[in-house]
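S.K.: Quick one: the structure is below, questions incoming.
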Amino acid sequence: MAAPRPAAGREALETCSLESILEALKLLLSPGGSDSGSLLITKHDVLLATLNSNLSALEDKLLKDPHWEKLKLLRDEMANKAERPQNSVDVTWNFTSQTLLLLLCLKETMIHLAASFNPGKPNPRTPEAAPALSPDTLSISQQKTVQSALQFVVTLGVCPYLMPGVGVPLRCRTEFGAVVQDVVCLDAPPHAARRLYTSCKLLLNVAHHTSLGSLIFSRHFGDVAAGLCQLGFCPNKGRSQKPEEEVLTEEERTLSREALRDILDQAYQPLAVRELLILQGGPPQSCMDEKTQVRCRAPAWLRRLCGQLLSERLMRPSGVQAVVRGILEGAGEIPESDMVPGIILVTEEELNRCIEDVYKVYVVGNDPVTVLVDSLLPVLGVLFSLYSFTKQSVSHIRSLCQEILLWILGKLERKKAIASLKGFAGLDKSASSLHSLCQLRAATQGGIIVTIKEAICDEDEDEALYQKVSSEQCRVEHLGDLLSHCQECGLAGDFFIFCLKELTHMAMEDEAELKTKPFSSKSLLELEQHQTLVEGQEQKVLILHLLAVLCERMSEQIFTNITQVVDFVAATLQRACASVAHQAENPVESQTLSMSMGLVAVMLGGAVQLKSCDFAVLKQLLPLLEKVSKVHPDPVIQELAVDLRITISTHGAFSTEAVSEAAQSTLNKKDAEGKIEERQQTSQSYADESHLKQQQSHEKSKETTLKSPTPLIPQEVSEPRMTTNQKSGSITTDQLQEVLLSAYDPQIPTRAAALRTLSCWIEQKEAKVLEMQEKLLKIFLENLEHEDTFVYLSAIQGVALLSDAYPEKILLGLLAQYDSDKDKHTPETRMKVGEVLMRIVRALGDMVSKYREPLIHTFLRGARDPDSAHRASSLSNLGELCQRLDFLLGSVIHEVTACLIAVAKTDSEVQVRRAAIHVIVLLLRGLSQKATEVLRDVLKDLYHLLKHVVHLEPDDVARLHAQLALEELDEIMRNFLFPPQKLEKKIVVLP
């Protein structure tokens, strides 16, 4: 009797259609006679009655309807193959069993249809025609039916049988989940573990078909994984159970463990990481509300298992990327139907921990791996939303969000960084951002929580519009604040130029006027065009707002290299040409055009020490200048454009009078503006103007930096009458201004003489000079960049004298510049600042003890710098400092000694090892007889180091330094052990 069954099953499989199986699933899942519109909102008795009714209706249909005879045969065949799930008095389990059998029938039918599918050859005459679909393809409505069936199987056949703490409880999910938890009868046979095993086993069987597997694991991966974890790894409560008493055999537990590892290996790894983290759970939570459902903490065996599985995910190829993505994508997606206004999606503690973890991994770790940097891109919009929200109130995570954003913007490629800033500003609607139904709210402990946004009534449309406009304004202003920290790297300047180009692009487009034609009389195409036009206008307003904020927040230092200045001028010229083409020129744009062309004239006039590569960049302006010379209506601008083209083409060899006049006019305008703003500080205002184009570029050394701000100095000013023997208070404002201008003179002797004169005036305590300490410091620091030895040595002397007069205001800034990385300052500049610091230490004398901590820490950090020359400089300065601290070395002597020992033994550069040994020589020579007291704890270590160098160091100079140090130490110890006898006679007066 058993033999015909397979044949009947195969016949049923060949004739049974997908439609009949899906119709049976619909019948099983229908709401039945309930008054409710959906089975999901029924309660207790109604739910049980509906399940019973649907089961009976399905059996009647299978028995009485001849069209369903093949389906009944196939279902019976699947039940025999799958070892038919045991019937139970529990209606929910019978319902789950029937649903699983129908899903198995669906899977087998789809596999059979796919195997018998033989698509014909494509017609070469119609290559654009779509290929024929496989017969096992499910439509959208059919996929929804299968998803509903799977949801019932998981809800009724998996989740109720999970132990407390394993997975997310049904009560914490939906109202229907709480109802299911109450109606499932766990006491009725079969055993709960057997039910769970059967459900997971058959679900994995159904998942063998690719499309069905994607439907299962895309939504129910976590529940299936939780069931397999419990089946395969949950320890038995009593090991004394007999084999016949155990619910699951050891073989079944082994199969469950293997199935778990298989689905984890085959799944999308970030998804697997996220679900394992959810299973592992967090620390115990305290219930703050009686209505709040708090899930139990995961049991210890599950936490250990998830930790082990997560470690395995991490060790796989691209494991770090998968773990990071799993964490960042772990915010989860909640169906909009389940979103209730006011519900907290992310608590304050969770968000704080997340931000702190991201800060530690990215900023503190500071490992700009491409994979790590790219993994943060999908959440940059949310991070900026957090940063913008914290700017509106007081929050302790503001600095963390700012540091993360600055780190990622600095590490990204420039194109990606600009694209991210577009998303921050709202120019790119496709950029990632906070979900439209979510909102940020301030928490009680100074943090932030994420909640569901409340729906806005029709009466509150004006309020909603106001909130939208105000939020956009705040976002742009906060972006300006963020970019104010990105000026040195050039990102702020590049984004400013991008906004100018966008504005130019909009000006070049035909501006259609908004028609007043009523909407009712417009066609659909006209409505779409009107909407596109409105969006374009909004975009233009946003860009104008951005430019206004950037102009207000950014300083004159926004452009850091010649390329950015040329791009700025090119954008201005393009916009001018577009305005002329549309006959929309206005006085503001004419003034902007004159200013930009004057800026080019100033650069060509000598404000910048241009090289051949810089002229290659300037040649990008030639086509635009030619176009301006032809189309602009103003003959003066036409002539200036022609002259500028000639000057650029000849690399400055030929320059007309018009170029010089334009440059001088631009400088005079700036000078006049400075006089209006600072009437009582004439000389300072002129220096501010001259400093406009003086900012040093922090790019690579190949790029030209903007150094000399005043290209056109009259002949009588170029060689000032500078005297160094004037009495205090005898210099005039004109003399001071003359010297300040000469400090930027392109002639090296004039510039060096001006710097020397300023240094002498500082040494003589001239009141007018000392009032300008900040401006003088800028002048000296800028001249440190000069290549000529006479100039930068004069600047070093000036900074040292100025620091001696105002150490508190200047020393810390110099230390920060010395301690900066090589991307901000060139190695040569840092070395020059190191020379300044050494002179300051010598000049301060005993007062250096007040600045002991920042000096020592800066030099110790410098001893670990990647640049060998900077390491040697830091060690040299450290020796100079230690020589003067004497007994104040006490608390840091161990750090200094450890640093010297490590460098002398392990550094690969000879000059650095020499410097370390020389520090010991200076230390012993400076302390002299006090060395036995100051160095008593480390003297033995220093002695062993010197002996090590003498015997093992290959460099002769280092060995010589070590030998000199040993001789100093020998002399000190001899005087300590055998102090010189003093022939003196003491007279004591007795009382």
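Note: Cβ is positioned from N, Cα and C throughout, glycine not excepted.
Taken from TrEMBL, the feature compositional bias 'Basic and acidic residues' applies to 668-680, 688-705. The compositional bias 'Polar residues' annotation in TrEMBL covers 721-730. Positions annotated as domain 'TANGO6 N-terminal' by TrEMBL: 15-313. Residues or ranges marked as domain 'TANGO6 HEAT repeat' in TrEMBL: 338-488. The domain 'RNA polymerase II assembly factor Rtp1 C-terminal' annotation in TrEMBL covers 736-847, 939-971. The annotation region 'Disordered' is assigned in TrEMBL to 665-730.
So that I understand the layout, could you describe where these features sit and how close they are to other parts?
M.R.: In the predicted model, the domain 'TANGO6 HEAT repeat' (338-488) shows an average pLDDT of 80.
Residues 897, 900-901, 904-905, 910, 913-914, 917-918, 920-921, 924-925, 931-932 of the same chain sit 6 or more residues outside the domain 'RNA polymerase II assembly factor Rtp1 C-terminal' (939-971) yet have a Cβ under 8 Å from a Cβ within it.
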S.K.: Reported in the order helix, strand, coil, what are the DSSP residue counts of the domain 'RNA polymerase II assembly factor Rtp1 C-terminal' (736-847)?
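M.R.: Per-class counts: 89 helix, 0 strand, 23 coil.
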S.K.: For the domain 'RNA polymerase II assembly factor Rtp1 C-terminal' (939-971), DSSP counts of helix, strand and coil?
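M.R.: Secondary-structure composition of the domain 'RNA polymerase II assembly factor Rtp1 C-terminal' (939-971): 30 helix, 0 strand, 3 coil.
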